[in-house]
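Per TrEMBL, the features are:
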- 39-64: transmembrane segment (TRANSMEM)
- 55-319: domain 'G-protein coupled receptors family 1 profile' (DOMAIN)
- 76-100: transmembrane segment (TRANSMEM)
- 112-133: transmembrane segment (TRANSMEM)
- 154-176: transmembrane segment (TRANSMEM)
- 196-219: transmembrane segment (TRANSMEM)
- 259-280: transmembrane segment (TRANSMEM)
- 300-321: transmembrane segment (TRANSMEM)
Amino acid sequence: MEDPENNGTVHVLPSHSNQTYGDVFNSTTNNQAMGIESIVFLILQSIICILACFGNVIVIIVILKYLRWSSTINKFVINLAVADLFTGISAGSQVLYFVVRTFQSDFAACLLRYQIVTLMTLTSQLTVLFTTFDRYLAICHPHKHPSIMANNTVNLLSAASWLYSFIFFILPFTGFNNWKRDIPCLYQLIVKPLQLFIMALNVLLFSILTLIMYMLIVVKARKYLYKVRPSRRRHLTDALDINKNTQIKTERKLLKDFSGAKVVAAVTLMFSICWLPYTYFQIRSFSDPTDYIHSWEWKIANWIVFVGIAKSIMNPLIYAWQRRDFSMAVRKLFRRRIQVDVHRRQQDSPTSAVNENKF
């Protein structure tokens with residue numbers, strides 16, 4: 001996580017030897033405090049905050065206003081957008097810890113600095129896992145999908161993603177921490193190494209489950225396309241046959257499900273690229289902290305976590321790239337906004353007032 005006194009970004013520190021880490025922190029601070037790198041990181045985090053808030057608010061508005069909020073995948077997209085929105089806000093809040101130094105000596109403020117990102121990251125990955133499960137059922141078991149992924153089930157899974165992540169969020173506040181006033185406010189100094197290790201295992205397990213489901217989806221898609229594509233032309237030439245029309249509708253639905261799976265795959269891939277490397281540093285610092293803090297991996301960890309937080313701006317771009325309905329809805333939203341602004345200007349202009357008086 002991020003330390004503005006160090007270099008402005010989230011810093012990874014193991015938490016087994018307090019004296020060793022204090023020495024390392026003090027020497028690093030003396031060498032790097034208020035450097036150009038710190039300013040660059042603070043600027044980049046502010047940019048991420050603005051873009052993440054703008055992009056994810058647009059996603060929420062578009063789905064609630066123009067798209068089908070009741071659809072399963074859109075509910076998960078909303079869930080993911082809310083988590084990414086708060087991740088972006090958390091990135092922007094890091095500037096406060098650079099300006100108001102007293103926050104670093106406050107127990108609650110210090111934990112909130114990092115635990116909000118922890119909560120949102122785990123929620124995001126669980127949402128991605130549940131969305132992948134939804135696409136797996138829709139493609140590999142289409143007859144069971146409507147009954148399993150009913151509205152109540154989707155709402156329960158969405159709530160479960162937040163409740164499960166909240167356990168890891170609240171745990172350090174209950175006393176399971178290494179907090180001391182003489183310890184710097186750094187993530188892996190104040191959080192128990194066991195919690196960091198369990199969180200890393202969670203990320204790896206969720207990623208493996210997601211990968212397995214996507215492998216099954218790919219196998220199913222290849223079999224389906226190989227079997228159906230050659231016969232589609234024959235179906236389309238006979239529109240009067242009810243059975244064939246039904247089969248065409250089934251094919252179109254499956255093709256739509258494949259398209260939805262591609263969008264979720266892009267989101268999953270982006271999440272894995274941005275966050276999976278960080279699990280290595282968590283496990284690495286847990287297994288051998290003394291060697292880790294003196295290795296080249298120490299500096300790379302800052303950039304890795306920064307990339308993970310930057311993931312919060314990626315999903316809106318993926319939806320605009322891969323989802324045609326989303327792109328059209330965004331255009332409609334801004335087109336309508338421009339029309340409203342033009343209409344207001346015309347009403348407020350002196351020329352319009354003169355024209356109204358003529359009549």
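Positions of Cβ are set from backbone N, Cα and C atoms, glycine also.
Nobody curates TrEMBL annotations by hand; they come from automatic prediction.
When the stretches 154-176, 196-219, 259-280, 300-321 are ranked by Cβ pairs under 8 Å to the transmembrane segment (76-100), first place goes to 300-321. Remote same-chain residues near the transmembrane segment (154-176) are listed as 72, 75-76, 79, 108, 111, 115-116, 118-123, 126-127, 130, 134, 190-192, 195, 198-199 (criterion: CB distance under 8 Å, separation of at least six residues from the stretch ends). In the predicted model, the domain 'G-protein coupled receptors family 1 profile' (55-319) has a mean pLDDT of 81.
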